[in-house]
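Chemist: To start, I am sharing the structure in question, which I have written as structure tokens.
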Amino acid sequence: MAKNRNEITEKLTWDLTTIYKTDKEWEAELTRIKSELSLVEETDPGHLLDSAESLLTITEKMLSISQQVEKLYVYASMKNDQDTREAKYQEYQSKATALYVKFGEVYAFYEPEFLKISKEVYNKWLGELQKLKNYDHMFERLFAKKAHILSQKEEKLLAAAGEIFESPSETFEIFDNADIKLPMVKNESDEMIQLTHGNYSSLMESKNRGVRKAAYKALYSNYEQYQHTYAKTLQTNVKVHNLKAQIRSYDSARQAALANNFVPEKVYDVLMEAIHQHLPLLHRYIELRKKILGITDLKMYDIYTPLSNLDYKFNYEDGVKKAEEVLAIFGKEYKGKVKAAFEQRWIDVEENIGKRSGAYSGGSYDTNAFMLLNWQETLDDLFTLVHEMGHSMHSAFTRENQPYVYGDYPIFLAEIASTTNENILTETLLKESKDDKERFALLNHWLDSFRGTVFRQSQFAEFEQKIHEADAAGEVLTSEYLNSLYGEINEKYYNLAAKENPEIQYEWARIPHFYYNFYVFQYATGFAAATFLAEKVVHGSTEDRQKYLEYLKAGSSAYPLEVIAKAGVDMESTDYLDAAFELFENRLSELEKLVEKGVHL
């Protein structure tokens, strides 16, 4: 039973007074920054390129205000997340979001104005004013986007239209989370319960096939019923992506999305090529699942139930000890920051009524790299802890070693830091496993994670690319078109006939990531790169571990592929993917041998 917020032990809550001591301090800062933005609006547009000094002054002021806006937003959103029922912090978050929008509108002049400068004048100013070199990579990235930046007036119009462009995804979110009431279903205790998005995954992990089947059919009956509405929101969202790409003179929505993070399209293509080549491994794993479960007619609702009965329990204190022990492999510097996270209350540990579900790592440049958890004492919670700690260590190292302008990192790099930790935890637990049953459970856990992250997210990425291409070619994305396409791709990946699994054709309708604009492929590349890097960290040299820390410290001071190359990964080559699939095959082979021994019985 979840507690009220005030019943949680203080040491298990995050300390947000390290951001602002009081709410009044936050409110005063909000008022001050609003005034500062109003002043900027009156004084700075039209003057960016008056001189080298003007370029430096206006740039530094913009970055300083951005830094303060981020800090305000982080406090408001985290206060809201700890108890979403509190109207005060809902209002704070709305005000902070509005401030972000205002910041975007006020500084809409910056990029179009900057891009009026010639490379010759820019290089001359760089030679004259040493401090401009601090921002050279930022300016270089702007020059790289020059062909895609519009006039100041057009940029301001686009910024103002931001809320309209967000409406398809917001409509989906409200409809899917607030308006839709899912059916009642039976749980393992034969009790009728309300099916929710939150409890669906646990029902799909049930050992009782009847429970799984009923929950699965109940969920997808909803998506079948409202398929035309979901198709319309997704179609409109795809049109927004394609329109924005066209407005900015990109060849496609995918090119626009990847160029925004300076990721070459080749990375996406190399991933898809490797995935298609290794689909027989997934088919082999599905066949093994059939054998272990003793089901000849395996269905999509049989994919998620764990194959092991072993019940790992970790209380939080044990989880902390294990995380510290596992992550000590990175050396003294990393170990010290992990210790600080646990001792200085960076982590909000327990579930409470009204608290946001799930887990994340957050914070801003000027704050601790906070983490939100909802600890339930499972093996997954331990993996979540080291995962979020990976993000937080990435943030802490970046902020300590980079100025604000380069003090963040793209999602493309973020998922590598978190899942490297998960892979090292798996390696450690496998090494420590006492018997075949433990080993069987851990191998199953890792193989399922790989399937769910590398194969499944690539399946989503393939569907996402195809629907954007179809819309651009004039195809109408009706529910019939989307159902047919999704069913076909799902069959290709899982080798389970679409006609035997009719409900799965509606799965596209429930995936929020299809509204994120070519985002999901990064989960697959991230997990594969992390698998490759974890092997280097665990089995490699001190130099390999040092190179990994260099990647964590680099932030966005170079292009993403240059940053991850510091750790030893070439994302345009299939090498890291081949190594990841090789490990998948080795662990799958080991699981097959354990099954031959009857360990699963």
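Count begins at 1; order follows the chain as displayed.
Placed from the backbone N, Cα and C atoms, the Cβ positions cover glycine too.
Swiss-Prot lists these features:
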| type | residues | note |
| --- | --- | --- |
| ACT_SITE | Glu388 | active site |
| BINDING | His387, His391, His394 | Zn(2+) binding site |
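Surface or core, plus neighbours and distances: that's what I need for these features.
Modeler: Around the Cβ of Glu388 (active site), 24 further Cβ atoms fall within 10 Å across all displayed protein chains.
A helical conformation is recorded for His387 (Zn(2+) binding site) in the three-state DSSP classification.
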Chemist: On a simple 10 Å Cβ count over all chains shown, which one of the binding-site residues His387, His391, His394 is most densely packed?
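Modeler: Neighbour-count leader: His394.
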Chemist: For the recorded Zn(2+) site, enumerate neighbouring residues of the same chain (Cβ within 8 Å of the Cβ centroid of His387, His391, His394, site residues themselves excluded), in sequence order.
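Modeler: In sequence order, the nearby non-listed residues are Ser361, Glu388, Met389, Gly390, Ser392, Met393, Ser395, Ala414, Glu415, Ala417, Ser418, Asn421.
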